Amino acid sequence: MRFFRKTSLYLSLFLYFFLYESSMAANTIRRGESLRDGINHKPLVSPQKTFELGFFSPGSSTHRFLGIWYGNIEDKAVVWVANRATPISDQSGVLMISNDGNLVLLDGKNITVWSSNIESSTTNNNNRVVSIHDTGNFVLSETDTDRPIWESFNHPTDTFLPQMRVRVNPQTGDNHAFVSWRSETDPSPGNYSLGVDPSGAPEIVLWEGNKTRKWRSGQWNSAIFTGIPNMSLLTNYLYGFKLSSPPDETGSVYFTYVPSDPSVLLRFKVLYNGTEEELRWNETLKKWTKFQSEPDSECDQYNRCGKFGICDMKGSNGICSCIHGYEQVSVGNWSRGCRRRTPLKCERNISVGEDEFLTLKSVKLPDFEIPEHNLVDPEDCRERCLRNCSCNAYSLVGGIGCMIWNQDLVDLQQFEAGGSSLHIRLADSEVGENRKTKIAVIVAVLVGVILIGIFALLLWRFKRKKDVSGAYCGKNTDTSVVVADLTKSKETTSAFSGSVDIMIEGKAVNTSELPVFSLNAIAIATNDFCKENELGRGGFGPVYKGVLEDGREIAVKRLSGKSGQGVDEFKNEIILIAKLQHRNLVRLLGCCFEGEEKMLVYEYMPNKSLDFFLFDETKQALIDWKLRFSIIEGIARGLLYLHRDSRLRIIHRDLKVSNVLLDAEMNPKISDFGMARIFGGNQNEANTVRVVGTYGYMSPEYAMEGLFSVKSDVYSFGVLLLEIVSGKRNTSLRSSEHGSLIGYAWYLYTHGRSEELVDPKIRVTCSKREALRCIHVAMLCVQDSAAERPNMASVLLMLESDTATLAAPRQPTFTSTRRNSIDVNFALDSSQQYIVSSNEITSTVVLGR
């Protein structure tokens, strides 16, 4: 028995090492070995099975090619082809290392159809080996030195892979270009190529045919390509490109791309139809999805508006115009471009006047610049251009330096945001005319503002004198009010803690459990409502910071006479928030009503509102994922208290990021209950003819039909959740193809790319599991049907539990946040009213209190 056990052990070890050696050898071919096509053909496989190299036939073709493709996924996209111009007609191909040390591909007649074509520096080529790596690189090297002799990365076809080095030599003009396939099923060299232009500042160029430019990326500034304005938004597209510096011994520099997440499978490809795409593998959908493509619009087409013309994407079509100081050469024919109206001083040979510069902002800089890297001062750059009569424009870009344009300005494009500033050289009369017009407009506006300001100041002083004259306790005869001056002592305050009735425009409001402040006390606390104490303005009116005599900091919301909100909202806050006590709801300390003054007094929030941090690029990093998730949980608990656990069942109806305040410890506090409604114990839904809320946060049934319920708040919470995770406003994408943040989130969710929605500032450090769960929950909350949305108890459970099962959400269709589209679609009778606040115009709560 012992003999058999030993024999079995030895046999197992032998088989293990044999299989191990076989698997290790599966990615290499040594001298004397070969890879053969045919029925029993087995491709070479990289160590982690990421890539394979072997023979294939594209589509329905019978031609055979040697290529590299992805190995461990269903869609085995081909990324490199050896014999793309010389296919083999049958399955007789053989890959081997020849006697001269070259890697060769032979057909059935032993004819070389492809070779690595290198000159051997040694007579002993027996130590050469070729292997496929997990990067997709096919490398011929020597076993004793492991030095690459030849590699496929230096001879690309149509695909740029991560870690591939794209060589460009500004001195010799050499560059490695990626050439498209001829068709979808024909790998032979096509009509389009993509590469780095070796002249000027490095930029990626897409050529058609014999080097006719079709698209370019704009100059590389060591961080982004300046002609791709959304590059800073596409984080995974941006953070990975690098340009080696300084040049190597041959004068070459190299572009590389290393993604922030190495586990993501991605590739850049130039297609046979003349577009460049970045494709990513979607494991959920089991397919490649397009992440970005160029050219992406009409204005991206190279030099669409001709020389000295500029293209602007207004609406869906690109609109051409001449830059200021130029006129069309041939009206209606933009291919001929524009020409200068007034010659420059040096062209007229006169000594009177001086050429000036007109600045164009947020533009794609023209092509064919002359870099002056040693000039980094704006004045030096300007002077360099002025001294050269051929200079038409200059620009100073961080990471590049000064750039001069001595030729025609071509391929100009106007962006909504991003881009660079270009200084156009014009005759003094052209700039002077433009400057005079601007000065006239500015002077007119300033005079108007000053006159309005003087009038407003006089009116305010008159009104303040009138108000303060009767602003002490019990002296106002127009109202029936009992007021306590709470700045004196706690004893005085407690004496008025019982039920106090005040009359507001003939309507009795019971302030049970809510102290009432005198106007005098608040005026002292806020230093007579001085401008320095103003924290902000909302739909209600201005909000002031104050300090009571006992040292407590307060925030005073003062109802403005021109407020979009009025007495009903004022009453609502008094009635509702005074009865609510929860750590995630803002605390109302009291109110004041004297004469025409109506004020609410809150606890002061030193960290202002959530949007103060969330939408400010300089402050986004201060709220990391741990803090954001804590804020999300706090808001959810506050809503659950309102919907289920408070003495009153309350629907907020205006939940948004600016109505979430942050205390000293960054705990979230839901605020602004002016639009809230009380629900009965068994009431599930109500209808209103007075639709209130904020565009982008209103649920479909509420905005369209006036129906509201606790599920209306759930919808708003879903939008808020997407904003917190992404760091984007819900209205920030309304001009994009997705129409809204909800539409963009749904697109990423269905394509298995939800992690791309996460704020780039926290994407690397956040809990991916929690972030994806938050996005999934948000998608459930913003479903069109209120019945299909979860309640807040379920939402909180899904957020806090790793084991909770999350249902598949239905596609939301009500995703547009455009004001005009919502107005058009309101299907309500003429008696219905709309009270709508907007994050872009005003906020119903201040930035801080």
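Keep in mind that glycine also has a Cβ here, set from the backbone N, Cα and C atoms.
Marked as active site, proton acceptor by Swiss-Prot on the basis of sequence analysis: D654. Cβ neighbour count for D654 (active site, proton acceptor): 27 (other Cβ atoms within 10 Å of its Cβ, all protein chains included).
Annotation comment: Swiss-Prot describes L535, G536, R537, G538, G539, F540, G541, P542, V543, K557 as ATP binding site, evidence class sequence analysis.
The N-linked glycosylation site annotation in Swiss-Prot covers N110 (among others). N110 (N-linked glycosylation site) carries neither a helix nor a strand DSSP state and counts as coil.
Sequence annotations record features per position, and here Swiss-Prot assigns N-linked glycosylation site to N191 (among others) based on sequence analysis. Counting only same-chain residues at least 6 apart in sequence, those with a Cβ under 8 Å from the Cβ of N191 (N-linked glycosylation site) are S180, R182, E208, G209, Y272, G274.
What Swiss-Prot lists as N-linked glycosylation site is N210 (among others), and the listing cites sequence analysis. Same-chain residues at least 6 positions away in sequence with a Cβ under 8 Å from that of N210 (N-linked glycosylation site) are not found in this chain.
In the three-state DSSP scheme, N230 (N-linked glycosylation site) is classed as helix. Under the heading N-linked glycosylation site, Swiss-Prot lists N230 (among others), citing sequence analysis as support.
Among the features that Swiss-Prot reports, N-linked glycosylation site is placed at N273 (among others), with the record citing sequence analysis. In the three-state DSSP scheme, N273 (N-linked glycosylation site) is classed as coil.
The DSSP secondary structure for N282 (N-linked glycosylation site) is strand. The number of other CB atoms found within 10 A of the CB of N282 (N-linked glycosylation site), across every protein chain shown, is 16. Feature annotation from Swiss-Prot assigns N-linked glycosylation site to N282 (among others).
Listed in sequence order, there are no same-chain residues at least 6 apart in sequence whose CB falls under 8 Å from the CB of N333 (N-linked glycosylation site). What Swiss-Prot lists as N-linked glycosylation site is N333 (among others).
According to Swiss-Prot, the N-linked glycosylation site annotation covers N349 (among others), on the basis of sequence analysis. Around the Cβ of N349 (N-linked glycosylation site), 7 further Cβ atoms fall within 10 Å across all displayed protein chains.
Other C-beta atoms found within 10 angstroms of the C-beta of N388 (N-linked glycosylation site) number 15, with every protein chain shown included. Mapped onto three states, the DSSP output places N388 (N-linked glycosylation site) in coil. Per Swiss-Prot, the feature N-linked glycosylation site maps to N388 (among others).
The phosphoserine annotation in Swiss-Prot covers S563 (among others), and the record cites similarity to another entry as its basis.
Around the Cβ of S658 (phosphoserine), the number of neighbouring Cβ atoms within 10 Å comes to 26. The annotation phosphoserine is assigned in Swiss-Prot to S658 (among others).
If you draw a 10 Å sphere around the CB of S671 (phosphoserine), it holds 29 other CB atoms from the protein chains shown. Annotation comment: Swiss-Prot describes S671 (among others) as phosphoserine.
A coil conformation is recorded for S732 (phosphoserine) in the three-state DSSP classification, outside any helix or strand. Taking a C-beta cut-off of under 8 Å and a sequence gap of six or more, S732 (phosphoserine) has these contacts in its own chain: L741. The phosphoserine feature in Swiss-Prot is assigned to S732 (among others).
Summarising the annotation, Swiss-Prot assigns phosphoserine to S837 (among others).
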Tertiary contacts of the region 'CaM-binding' (618-635) (same chain, 6+ residues out, Cβ under 8 Å): 583-584, 610, 612, 655, 660, 662, 666-668, 670, 717, 720-721, 724-725, 727, 759, 761-762, 765-767, 770-771, 774, 796, 799-800
Site with most surrounding Cβ atoms, counting all protein chains shown within 10 Å, from the glycosylation sites N110, N230, N273: N230
Number of other Cβ atoms within 10 Å of the Cβ of V543 (ATP binding site) across all protein chains: 24
The region 'CaM-binding' (618-635) - residue tally per DSSP class, helix then strand then coil: 14 helix, 0 strand, 4 coil
When distances run from the Cα of D654 (active site, proton acceptor) to each of the recorded positions N273, N282, G541, S671, the nearest one: S671
C-alpha spacing of R537 (ATP binding site) relative to N349 (N-linked glycosylation site), in angstrom: 58
Local confidence of the prediction over the region 'CaM-binding' (618-635), expressed as mean pLDDT: 91
Inter-residue Cα distance where the pair is S658 (phosphoserine) and V543 (ATP binding site), in Å: 14
Pairwise CA distance, N388 (N-linked glycosylation site) versus N273 (N-linked glycosylation site), rounded so that it is a whole Å: 42
